[in-house]
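Note sheet for the following structure.
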């Protein structure tokens, strides 16, 4: 993947002519320079420009372009708190993207398929060596480690443009090799006797291998609840950067990519901590379904609040919501895998059944983004000024979370 796109495309620009500032009074100059430092942009113009009729070149921002004099009425309006069309500090220059998209797609699919090949037997290995009395704790630890890995990725993402593509991917490769070697050479795996009556592998046996576990009542509902939860998570994460770019005023000239990385930090730290705590709580109390329900409703609430965020302090409120969503996500992670181990029969083919359950994590990654993209485009055309598409996206995610928390009570063999 790194070799197919080894360069980072950075959109740079040239400073805009600030002669219009010199025509204003001292107090207004200070105010306008402050706005310029915070990279104030016209978000409505940014959202609506893709939906403007073809052939129309009108833009709100062109009325106050480079070097345009500031009218006296405009200065007076600004002094009375009326927000003028937002003036970017830099005039962006379009840079042609570098890299081979076809090769990137091929290597991305190779990485994803390899990741699934590693994850399924790894989860089965955890299930094999987990004592029933510690399933919640083991599930919480595994969830916390996954989330801490995501935290390190978010931290690295902040400085990605400074580290570079090749160096970043080299770090990722090194981490993968070290972690896999630790698992391979430090775990003593129980080897059962081979069954001589194993059927031949063919299309029919593969289909039945996926379908048979889903015929079992509890396993089917564990699959559905996890699918809905992951569908909500994938919908949010798939459009988070676009939402920040189009809907939220970002402070200190941050790019949307940097803002995403910083927003994920409180979410992931909260999730890692709550994953451990609620994993222990679920083992002590034996109650897993109530934890899943509370976690789902917390995430649904956070997503619903984000749907209606606006204004200068929206990014900071989004940070608080990220922390709250992280608490819910960590609590869900802590008992999610424990629920799977609870409903698996002792004589079940754990690796095969967990491979089926793993599809509840993989399928939403393929479905959530195309579905969300259609929803976003349709409703943005209806009302791009209000950002209706993004509002619907977050409300849809809330519905996914609420359904996930409600359906968990369909599971019979878990408390």
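Just so it is clear, glycine is given a Cβ too, placed from its N, Cα and C backbone atoms.
According to TrEMBL, the feature domain 'Major facilitator superfamily (MFS) profile' maps to 218-415. The annotation transmembrane segment is assigned in TrEMBL to 101-125, 137-160, 166-187, 223-244, 256-278, 290-309, 315-335, 356-376, 388-409.
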Against the transmembrane segment (388-409), which of these stretches has the most C-beta pairs under 8 Å: 101-125, 223-244, 290-309, 356-376?
290-309
I need to check the long-range neighbours of the transmembrane segment (256-278): which residues 6 or more away from its ends have a CB within less than 8 Å of a CB in the stretch?
136, 140-141, 143-144, 147-148, 150-151, 154-155, 157-158, 160, 240-242, 244-245, 248, 250, 291, 295, 315, 318-319, 322-331, 333-335
Ranking 290-309, 315-335, 356-376 by the number of C-beta pairs under 8 Å to the transmembrane segment (137-160), which range is first?
315-335
Using a Cβ-Cβ cut-off of under 8 Å, list the residues of the same chain that are 6+ residues beyond the ends of the transmembrane segment (166-187) and lie near it.
1-2, 6, 118, 122, 125, 129, 156, 160
Residues of the same chain, at least six outside the transmembrane segment (101-125), with any C-beta under 8 angstroms of its C-beta?
1, 3-5, 180, 183, 187, 189, 337, 350-351, 354-355, 358, 362
As a test of reading the model: what is the averaged pLDDT for the domain 'Major facilitator superfamily (MFS) profile' (218-415)?
87
